[in-house]
Amino acid sequence: MTSSSVVCKPPVRRVAIFGGTHGNELSGVFLVKHWQENGAEIQRTGMEVKPFLTNPRAVKKCTRYIDCDLNRVFDSDNLGRPVVEDIPYEVRRAQEINHIFGPKGSDDAYDLIFDLHNTTSNMGGTLILENSRDDFTIQMLHYIKNALAPEGCPVLLIEHPSLKYATTRSVAKHPVGVEVGPQPQGVVRADILDKMRKIVKHGLDFVQLFNEGKEFPPCTIEVFKIMEKVDYPRNKNDEVIAIIHPKLQDQDWQPLNNGDPLFLTLDGEVIAYKENSTVYPTFINEAAYYEKKQAFVKTVKIKLTH
């Protein structure tokens, strides 16, 4: 693709920054509340940037959600559900967010949403891409990665034929997840918050340059494409019977090869990875994913050129 494929796109005028999609992931909560009071650092010429607290009830209780995961209900079924008395809080909230920032899939939807998340996994400052054909977002992620270099900034591509996410940010024409860790739930770490803040700053800088007509030549970025979710070993009562092996813990984005240890039982038995293909695990031992029966996700490295 030539650079004109990006340049000829219309300017990006309406941008939202979401915090508190999960109410106990506090970097985004603190930043959004700060920017609502003092938004000078996120304002850019020629665009509206709106900081927004997505799940205020969960934020108030410092819990991930009230009734269900807000970051999984932005599908047509939930967005179209009739609002009756017993509708889950997050589904009702999703409909409100879709009304303000969408409707999802329409010309009226916001151009860009940064959705700020924390993880307990050792993922560093990770950018989440939903569409491998989104020229504008890929150029922006390339710009952010270069601005942060030499510090790493992995990109996770969650495009998958059967794993459907229906994320809060998917309301926008260009959704970007910002996932920064490791940080415990309900805790703020200054270094993690600063990393998130820099990612947003560089993203907004890119949008301003783009709107001013700067040409961005074709670029190639390396991404980690999600392949499969892996559960913990369980017994017949569906209880976890092995934990993440010490040699896998904190090794997000590192290669996993045949024979490498995955899990360790309390009796000392090691359960190893038994596949010939090299994969790159991430979201390793994420606290919020125990309920989702997910010990880590397998990814493969691919390159995207736009």
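Every residue gets a Cβ built from N, Cα and C, even glycine.
Listed in TrEMBL for this protein:
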DOMAIN    12-206  domain 'Succinylglutamate desuccinylase/Aspartoacylase catalytic'
BINDING   His22, Glu25, His117  Zn(2+) binding site
BINDING   Arg64, Glu179, Tyr289  N-acetyl-L-aspartate binding site
BINDING   Asn71, Arg72, Tyr165, Ala166, Thr167, Thr168, Arg169  substrate binding site
ACT_SITE  Glu179  active site, proton donor/acceptor
DOMAIN    220-299  domain 'AstE/AspA barrel-sandwich hybrid'
Local confidence of the domain 'Succinylglutamate desuccinylase/Aspartoacylase catalytic' (12-206) - pLDDT mean: 96
Sparsest Cβ surroundings (other CB atoms within 10 Å) among the binding-site residues Thr167, Thr168: Thr167
Site extent for N-acetyl-L-aspartate (largest Cα pair distance over Arg64, Glu179, Tyr289, Å): 15
Spatial neighbours of Glu179 (N-acetyl-L-aspartate binding site), counting only the binding-site residues Asn71, His117, Ala166, Thr167 and Cα distances within 10 Å: His117
Additional residues surrounding N-acetyl-L-aspartate, by Cβ distance to the Arg64, Glu179, Tyr289 centre under 8 Å: His22, Glu25, His117, Asn118, Thr119, Thr120, Phe283, Glu286, Ala287, Ala288
Rounded distance in angstrom between the Cα atoms of Asn71 (substrate binding site) and Tyr289 (N-acetyl-L-aspartate binding site): 13
Cβ-Cβ neighbours of Asn71 (substrate binding site) (radius 10 Å): 25
Diameter of the substrate binding set by C-alpha atoms, the set being Asn71, Arg72, Tyr165, Ala166, Thr167, Thr168, Arg169, in angstrom: 10
